[in-house]
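Novice: Quick one: structure below, then a few questions.
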Amino acid sequence: MSFLQPQSSIIDLGINIDHVATLRNARGTVYPDPLQAALLAEEAGADAITLHLREDRRHIKDADVELIRPQLRTRMNLESAVTSEMVDFACRIKPQDVCLVPERREEVTTEGGLDVVKYFSEVSTAIKQLQAEGIRVSLFIDADVAQIQAAAEAGAPVIELHTGRYADAHDEADQQTQLQRVQQGVLEGVKRGLKVNAGHGLHYTNVQAIAAIRDITELNIGHAIVAHAVFVGWQNAVREMKAIMTAARLNGLQK
Ligand SMILES: CC(=O)[C@@H](O)[C@H](O)COP(=O)(O)O
Ligand SMILES: NCC(=O)COP(=O)(O)O
C-alpha cells in the first residue's frame, strides 16, 4: 500500500536516475541501486522518474526498467530512441510517458534535439504505436519553431526543450541568448496546445531562470543531482533542487 500523498507541484521535477546506474556499472556491483534511488527520490518530492534506456545500455539496463516500472508511485518517463527495438520495448513496459530522443552511439550525452522535421514519418509512426498503448509521448527537441511545429503536426502532446545550449553557454551574453530561445520555444509550444517540459545540463545555479518560465510544466534533471548527492545525500539533493525550482517559479510569477 502506498502512503505517499500526491501533491500538486507548481513545477514538476522528473529525477533522471541514469547516472546512478552509471556508477553501479562502473564497478559491476549491484549498488547503487537505481530502484532504491527512484523510490527515495519519490519520497523526497520527485514528481516523476526519468530514465534513458540507451541502445548501448551504458547505464540503465532493460531489467532496471522492468523492475522499476511497477514500483513507482509517481510516473515513469522512459527516454527512448526512435527505433523499432526501443519503441516495441516501451510498448511492452507501458510507462506513463515516453520521451523520444535522438541517439548517437559515440556521444557522451544527448547532443541536440530530435530532428522531427527530417524524421517526420518515423517519429509520427512511433507516436501512433506508443499512443495505441495509452502512453503519453513527448519529443525531446531544440527550441526551434520548425521543430515545435513538426512535433505538434506529428501528434505529440508534449515536448521537452533541450536546455543543453543554455547550460553550456560560454558567457553571460550567450546564456541570455539561449535563455531567450527557450522562452520563445515555450511560447511556441503553448500556442500549439502542447505541454512543455525542459531539461538537460541543468544544475543548482543555472536552473532558476528556466524554472521561472511560467509555462514550463516539468524539468528533468539527473547528472547534477547525482553529483550533488555525493556531498549532501540523495534525498537532500532532490529536496534542494525541488525547493530551488519552486522558489524560482514563485519568484517568476510575482514579476
Ligand atoms: C535525453 C537526455 O537529455 C538525458 O536523459 C540524457 O540522455 C541523460 O543520459 P546521458 O548522460 O546518457 O545522455
Ligand atoms: N531529458 C533530460 C534529462 O533527463 C536530464 O539530463 P541531465 O540533467 O542528466 O543533463
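Backbone N, Cα and C atoms are what each Cβ position is placed from, and that goes for glycine too.
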Novice: Thr74, Thr109, Thr125: which one does TrEMBL list with Asp18, His19, Arg54, His59 for the 1-deoxy-D-xylulose 5-phosphate site?
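Specialist: It is Thr109, as the record lists it for that site.
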Novice: Provide the three-state secondary structure of His223 (3-amino-2-oxopropyl phosphate binding site) computed with DSSP.
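Specialist: Note: His223 (3-amino-2-oxopropyl phosphate binding site) is helical by DSSP.
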Novice: Taking Cα atoms as reference points, which of the recorded positions His19, His52, Glu160 is nearest to Gly222 (3-amino-2-oxopropyl phosphate binding site)?
Specialist: His19
Novice: Calculate the distance in Å between the alpha carbons (Cα) of Glu79 (active site, proton acceptor) and His200 (active site, proton donor), and round it to a whole number.
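Specialist: Spelling it out, the Cα of Glu79 (active site, proton acceptor) and the Cα of His200 (active site, proton donor) are 12 Å apart.
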